[in-house]
């Protein structure tokens with residue numbers, strides 16, 4: 001069952017970046033010198049390759065992944081995680097953007113998600129692109145690609161929690177189903 | 001807008017379209033945006049509803065809500081909507097709108113969580129307080145729920161309920177999901 005082994009995007013065993021290098025970046029991003037990088041500051045520092053602002057929903061997801069105290073921003077200690085997370089995604093994106101267009105089209109998305117272990121119908125990829133493509137070019141930009149993968153991951157995580165015998169099947173009540181998915185999709 | 005004038009379409013015989021289609025005022029709004037293929041996308045739906053002034057005194061629907069509406073009725077996964085679905089959508093939306101207006105007595109364009117909870121129950125959904133909280137939390141901004149969010153919530157509830165029902169073979173309120181199917185049907189909302 002693919003869903004057991006998969007799911008984490010391939011690991012890039014990149015060596016941890018130099019602290020001085022990270023600090024340099026952190027200071028530049030933390031424009032108001034508050035000591036923490038906010039959603040807005042992170043959004044301004046990131047590029048999705050389309051000259052439009054980075055998806056704020058994705059920014060929020062990333063910050064909340066690394067913001068240990070729910071304070072709405074990341075300190076320098078937490079920032080290393082953010083940096084690595086984004087760098088890993090950049091590497092993955094570049095790997096699957098085979099024609100180097102800066103966008104991932106349906107076939108490239110299929111390769112990527114199949115590579116991560118998902119088994120999804122061809123028709124469903126149309127739905128995914130329609131759902132996540134904010135540029136309206138029938139392809140996904142870097143930020144939307146991350147967003148798509150994050151949602152797939154969240155759904156997988158919630159499914160796994162209910163699949164106690166790990167056989168790839170769950171049985172849930174109506175209420176459980178709604179509580180599981182309402183906030184993810 | 002009141003559409004009680006229509007009744008069932010007249011029986012057979014009109015070439016190239018279903019009976020009564022041409023007289024239907026909704027058809028006018030629809031064809032104005034649909035183009036040759038007779039299908040509308042989320043953007044076109046948004047334009048259509050705005051032009052028909054569906055939201056009335058409320059702000060027009062945002063694009064994400066329109067996308068949700070398309071997928072609620074999108075049986076062939078085409079990400080677009082034909083005229084029949086549009087009519088069905090209009091009827092459903094009108095019901096929800098009337099309901100919202102009956103709660104939003106001060107015409108502020110928003111309702112509070114308590115009122116939202118009552119609205120959801122009166123639509124026939126039986127949810128526990130926890131599930132209800134999940135639903136409401138997703139759609140409140142500053143403790144209030146706007147008309148657009150309320151509709152988005154109704155659409156999602158309806159879509160998810162349909163998904164669930166199809167997998168509840170025994171109609172006992174318990175559904176079985178296989179993983180790949182779970183991902184796809186839930187993400188298709």
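Using N, Cα and C of the backbone, Cβ positions are placed for all residues, glycine too.
What TrEMBL annotates here:
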type	residues	note
DOMAIN	A:17-52	domain 'EF-hand'
DOMAIN	A:84-119	domain 'EF-hand'
DOMAIN	A:150-185	domain 'EF-hand'
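When the domain 'EF-hand' (A:84-119) is classified with DSSP, helix, strand and coil residues number 23 helix, 1 strand, 12 coil.
Within the model, the domain 'EF-hand' (A:17-52) shows a mean pLDDT value of 95, rounded to a whole number. With DSSP states grouped into helix (H, G, I), strand (E, B) and coil, the domain 'EF-hand' (A:17-52) comes out at 18 helix, 2 strand, 16 coil. Taking DSSP states H, G and I as helix and E and B as strand, the domain 'EF-hand' (A:150-185) has 21 helix, 5 strand, 10 coil.
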